[in-house]
Structures are given as structure tokens and as C-alpha cells.
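Everything below concerns the one structure shown next.
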Amino acid sequence: MNNPKAISKQTLLRLPSYLSYLKSLPKQDGEYVSATMIASALGLNDVQVRKDLACVSKKGRPKLGYVAEELIRDIESFLGYDSLNDAIIVGAGRLGGALLSYEGFKEYGLNIVAAFDIDESKIGTEICGRKIFPLDKMKELCRRMKIRIGIITVPADSAQKVCDMLVDSGIYAIWNFAPVHLKVPDNILVQQENMAASLAVLSAHLAEAIKNNGIGKGDEENDENSE
């Protein structure tokens, strides 16, 4: 198995899509799937898919492809989905509460065990069985439970302070939903969820589609005719 550090970020981003597609297929023992089949279903280049799969599994067979069940296990193992990693959330507001309520994370190897907040009305309460603690309990809980993943869902002006607390608590990987760049030591991993950037990409693609393909023109004409 290849070292994850040697694999490109784009490959890592595509692997969950492959996994979701494979799991959507009817379950049949010994059923084969090919890179071409996956590429066609997902609208991707089959050469790229073949290269991606070669990074995570060596079990492909010439002219046959991969046994679907084996490929699922290999991708899950590579991504760490086959073992649970405990995590905490800092910020139990609407976004944090939604993440706490989502049970699907366990399918991806993430187990959120607790949340932290400064709102006294929330401290001591639970969201889907996960208790909310004050910030001053973070370090002790993280070190005692050997938690290595922290999720930030606080406002931008509080994110860096929370980040520093997470690092001091022994956290090595941070999933940041706050719209701010975090400064961390070189050995700390940060995954930034930038919703504004995602929306900008979506808006740009939509504008291009409207310009090139006339999307939406029919609706405008119908509106004019109805007047």
C-alpha cells in the first residue's frame, strides 16, 4: 500500500465518490468492477480513475478489474473508515449542533464524543447523547480520552483562540468550519471548509453554463409571454 502522503489531494477527494458508487451497486459475491465502469458512472476520465485505484489497491486483474467487495475494503482501509477516530466539536451552535446530530460520520471513521461551548445555557446539556462541556474542561478530556481530532464551528473572531486550545490539548488534526485561516505548528493538520469559496465556484460555473448553453433563457421567455 502506498503512503497517503505521496498521493495527491485531488485523488483523496475522489476516493469517497468511488466508495459511494461501489456501495450503491447491488451486492453480489465475486462481482467485478472496472475503472472504466466507475469513470463512466461518475463522468470522469477512466485513465485517472485507474491511476487513483492503483494507489489504494493492488488487487486489480487484467481485463476484469477489481472484485467490488475487495475494492470497497481497500478504499475504506486507506481512508481510515474501517476504524473509529474520536473527535470533539468546539461551538455547539446551529452548525455544531447539526454535526453532532449527524450519525453518518461513523461510516467514515469519525466518532464525535463531546462538544464544548462558552454559552452557560448549553453547558451540561446534550445533543444526541453528546454532552456539552465548558472550554476549561477540554484539555483534561482530550488528553484522558486520547482524542486527536478537533472540529471548529465557532465565529471567525474566536477560531484562532480555539485552535490554540485544541493544539494545547493534544489535537493533531483540525476540521475548521470558521471562515478564517488558522496559524498552526508544522505538525498539525488543518482541513479548511470554506463555504464562501465553494459558493463562488458554484456561482461561476452556473454563470458560465448560462452564458454558453442558454440555461434559464426559456424561463425568461415564458415570463415575458405571460405578461
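Here the Cβ of each residue, glycine as well, is placed from N, Cα and C on the backbone.
Unlike curated records, TrEMBL annotations are generated automatically.
Segment annotation: TrEMBL labels DNA-binding region over residues 17-56 (candidates 17-56, 137-176, 177-216).
Same-chain residues lying 6 or more positions outside the DNA-binding region (17-56) and placing a CB less than 8 Å from one of its CB atoms are 1-2, 7, 11, 64-69, 71-72, 74-76, 78-79, 81. Ranking the binding-site residues G91, G93, G96 by how many other Cβ atoms lie within 10 angstroms of each Cβ puts G93 at the bottom.
In sequence order, L100, A115, F116, D117, D119, K122, I127, I132, T153 make up the list of same-chain residues 6 or more apart from A92 (NAD(+) binding site) whose Cβ falls under 8 Å from its Cβ.
Residues I89, G97, A98, L99, D117, T153, V154 surround the recorded NAD(+) site, their Cβ atoms falling within 8 Å of the Cβ centroid of G91, A92, G93, R94, L95, G96, which are themselves excluded. For the domain 'CoA-binding' (80-181), the model gives a mean pLDDT of 95. Residues near L95 (NAD(+) binding site) in space but far in sequence (CB under 8 A, at least 6 apart, same chain), listed by position: T153, F177.
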